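Q: Dumping the structure here so I can ask a few things about it.
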Amino acid sequence: MSSSSSAPAPVTASAPSPVPEPLRVAIVGTGNIARFHAQALLAEPGRAALVAAVDVDPGALESFRSRHTIPRGYADLDRMLTAERPDLVHVCTPPGIHRAQVEACLGAGASVLVEKPPALSLAEAEKMAAAEGGDRGPWMATVFQHRFGSGALRLRALIDSGVLGRPLLATCHTTWFRPQEYFDLPWRGKWETEGGGPTLGHGIHQTDLLLALLGEWTQVSAVVRRQARDVETEDVSLARVDFASGAIASVVTSLLSPQEESRIRIDFERATVELAHLYGYGDDDWRLTPAPGFEEEITTAWEAGEHGVNSGHHSQIVQVLDALRAGSPPPVTSRDALSSLRLVAAVYASSFEQRPVTPADLAPGSPFHERMNGGRSL
Ligand SMILES: NC(=O)c1ccc[n+]([C@@H]2O[C@H](COP(=O)([O-])OP(=O)(O)OC[C@H]3O[C@@H](n4cnc5c(N)ncnc54)[C@H](O)[C@@H]3O)[C@@H](O)[C@H]2O)c1
């Protein structure tokens, strides 16, 4: 028998590591945003197989499945989790349902990519993070797609290299327009089901990118107002944010601005960097203005950095799939998402309390830890 042979095993060149199988992926919630998830997954057949979709609305589910050729459909998330045993579930339902669905997926051993905002409050988000599986997963990632375009990656690398000098001053403005009909969906515009207004639901994309670039914040002074829409929440907000680096930023969010724009501008010691776009950016949406005397050094560093990747669901989803296939926590991690939610909570807390707010003010026990509005009305 071969097992009794004392001959040494032949020495061979080490075998290439096996390429991991495509992940089995499902989508829950087949409304407006889910198509960006399906398109990205279908464009990556080597990384993912889209095996199932779930929705409580049978018409939405059937048209979504037929448009994206998804083999199986379910009206119930738990049944899907039992039958399909997916590796990853994309949660694309309204925000008030995220917590229960994310916890159900994590409990069934599936990692999750949940749409923003991941939760209605810091308390909810912390409970979701606590349901993750530790070092070996499953994990919860949140969709913050603007971190993943090459412009943001290039700027982050330049900041880390020190070539730009210290960040001094920033503006981060999300000035969009939503007519009253936009709020007809039953979950929109209400503290209970949407968690907050545009500070949480719309401006969070850019504030998340600002935090990814500038790091920890230390204090926020803000005002939120309802200026024009018939909703419970704010429709504009205005904040001053202080960062641990010493930088200060103006963060503005509006759903009342006919001239729509998403803009981030950061003045560093040695250059101004600007990004102007609407819902996603490419390389051409970035502009660099070096300070006198630094033109050559800064321009050379900027041009040598990453290029060619637009921000968007596809660029993040590729990173999520690659991280999971390598056995590591996918971006944006629960810790990073909590940091963005904490800044949003600080904007509401500062406005309702009419005073500057620090991260310590938002610890468990604070009403703004439990709910973005701290239980108050505007
Ligand atoms: N990342 C982005 O750029 C971006 C843009 C728009 C929306 N979003 C986010 O995506 C999420 C969904 O927004 P949307 O505009 O697609 O909403 P939507 O209302 O168009 O779609 C939600 C879908 O979820 C389904 N649903 C509701 N309850 C369900 C349940 N219990 N089980 C299964 N399905 C259920 C609904 O029937 C609907 O088809 C929200 O969190 C929103 O903030 C993100």
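Heads up, the Cβ atoms here are built off N, Cα and C, so glycines get one too.
According to TrEMBL, the record shows the following:
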- 1-20: region 'Disordered' (REGION)
- 1-16: compositional bias 'Low complexity' (COMPBIAS)
- 23-131: domain 'Gfo/Idh/MocA-like oxidoreductase N-terminal' (DOMAIN)
- 154-273: domain 'GFO/IDH/MocA-like oxidoreductase' (DOMAIN)
- 358-378: region 'Disordered' (REGION)
- 368-378: compositional bias 'Basic and acidic residues' (COMPBIAS)
Q: Which numbers of helix, strand and coil residues does DSSP report for the domain 'Gfo/Idh/MocA-like oxidoreductase N-terminal' (23-131)?
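A: So the counts come to 50 helix, 24 strand, 35 coil.
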Q: Within the region 'Disordered' (358-378), count helix residues (DSSP H, G, I), strand residues (E, B) and coil residues, in that order.
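A: Reading the DSSP string over the region 'Disordered' (358-378) gives 8 helix, 0 strand, 13 coil.
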